[in-house]
Amino acid sequence: MSEQHSVAVGKAANEHETAPRRNVRVKKRPLIRPLNSSASTLYEFALECFNKGGKRDGMAWRDVIEIHETKKTIVRKVDGKDKSIEKTWLYYEMSPYKMMTYQELIWVMHDMGRGLAKIGIKPNGEHKFHIFASTSHKWMKIFLGCISQGIPVVTAYDTLGESGLIHSMVETESAAIFTDNQLLAKMIVPLQSAKDIKFLIHNEPIDPNDRRQNGKLYKAAKDAINKIREVRPDIKIYSFEEVVKIGKKSKDEVKLHPPEPKDLACIMYTSGSISAPKGVVLTHYNIVSGIAGVGHNVFGWIGSTDRVLSFLPLAHIFELVFEFEAFYWNGILGYGSVKTLTNTSTRNCKGDLVEFKPTIMIGVAAVWETVRKAILEKISDLTPVLQKIFWSAYSMKEKSVPCTGFLSRMVFKKVRQATGGHLKYIMNGGSAISIDAQKFFSIVLCPMIIGYGLTETVANACVLEPDHFEYGIVGDLVGSVTAKLVDVKDLGYYAKNNQGELLLKGAPVCSEYYKNPIETAVSFTYDGWFRTGDIVEWTPKGQLKIIDRRKNLVKTLNGEYIALEKLESVYRSNSYVKNICVYADESRVKPVGIVVPNPGPLSKFAVKLRIMKKGEDIENYIHDKALRNAVFKEMIATAKSQGLVGIELLCGIVFFDEEWTPENGFVTSAQKLKRREILAAVKSEVERVYKENS
């Protein structure tokens, strides 16, 4: 029998469930606090980590020096006629990384907390504090200030739509909000509904001497503040720096108000890919035990010499937990952004990866696929001889051919240099990634670890431990949860076959959705189990493998089910596909792929097919039928090479004109597809594909 990574801790309640299981190392008792820690609140945990770190560098960030604009005119077919469209590209000039020690983080945490209390935000849960901002060092410092005063934080994605933002602000009766200067204009309408907001803090001073973008940043922020004052003259407005200064001057006047374990720490709003955002209620006890669970699976693998690059939304539980894990390891937490990760969108400076040189990087499938395709595009530009050398080295490493370490290091050196040259682990979480993509990164860069969890469980479920590495699974149960599978009869998954819906229980599992008893009753059992909505299976080693989200399993005309996310992860690995939404109509046999094409590789492909000439803009050929059909054939070849068969093979594809971003409403901030919105935009074209295949 193979080594077991989880163990049964009791008997199955009935024939429709598996026995509950835990990580084999916590069979007797799941963790409620991190190893070697006595903390039971986030404030105690932060203080413990920061004191241990002392004068070591603990946090790093870059400032925006300038934003450069480049305009480009493209020609598109609109209603059968050529139309010129002007597009603007932005390029960021960034400062070198600035550092702050762990000791300084203690000072900032306390100064910010005292400043918040001094301006009028009440501690110990009397007031709630809303954060509507992009990931940055100031986001985290505001959060730390709040927990030092026992002020619950409400998080919302910085790309949350107006209705969702109003919903989260009004429902929680938040008294204060922190936002980015660039988001101030988005606050004007919500603040007219959210009457409980009395304090607004913005992340940068509004300085008339700010000449970035020819003064546009200053003017936009100033105009937004003036309009906010018009509609809400009662709101007190401060910059981040002003609040810290107020706190520094109030050391002898304002006391700290540390929270208790059962106190509310955070209401984290989901991104709402289908329904209205739900507020997940998380206590200090929940989050600290969640940090314990995730940390348990990577304990000893990551430490104080590591540098973690942070760029995912901090409103996402996955990112929040891993930033606190970085504090726990006493490594350096460095902030970046998707826009400045590589040299592609920077000017007069290096991208975050090369500048910061991370050893650990956390990402989601959409980001990793973009990185992989950029690498593959560079490889395709090499001479045929160099391409052959690259793929020969790849094949030898994949097959573990002895004595090829030096060769692979030399061949893959440039790829590693492009990501800073020091990565030892990368992690994917939030959505499924294809085995091909996981294998590619693990061979040419470093091992890709898979993590799986939910907001409701503080990102706790599974983390693939480095010494248990295997492709295609989400890994070992973390150290703080108990898991079981239950039958999903209508979809044909049964516990007796070690398959079913995953239910989780333990200290990280929240108890409710904020002011939402109906959703709470649907998702939580009377005895504390959380229904994840994910269909999974136990592997022979006691690890977990995800089949798909229950809501993403669609029955087709012939009565068989297809797993949408599984198909998307495979088709997305094709070099011509930047993103894809697989749509399955229950009245049809096969699905259709709605594809955002990858412009670089597609341009070369179109030239190779003699559909366009070298130097022409691919956007003018997006709707060329011959090009679309050629890409479709390539996608089917990709699918077959990765084991897709029958109804998993698309019957056709349509091309989408623009990239899907949180800003245009086609994906959430966590890069999850908004399927309804995507389908609505190309419904007639999807119907055309079905008609052509009927």
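Glycine is no exception: its Cβ is also placed from the backbone N, Cα and C atoms.
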Per Swiss-Prot record, range annotated motif 'FACS' [choices 77-126, 177-226, 527-576]:
527-576
Which bits of the chain, at least 6 residues beyond where the region 'Disordered' (1-25) starts or stops, bring a Cβ under 8 A of a Cβ in it?
296-297, 465, 468, 476-479, 481-487, 494-496, 498, 500, 505, 538, 540-543
Need the DSSP three-state call for Pro277 (ATP binding site) to compare against my parser.
coil
For the motif 'FACS' (527-576), what's the model's average pLDDT?
89
Determine the Cβ neighbour count for Gly279 (ATP binding site): the number of other Cβ atoms within 10 Å of its Cβ.
24
Over the span of the region 'Disordered' (1-25), count residues by DSSP class, listing helix, strand and coil in order.
2 helix, 7 strand, 16 coil
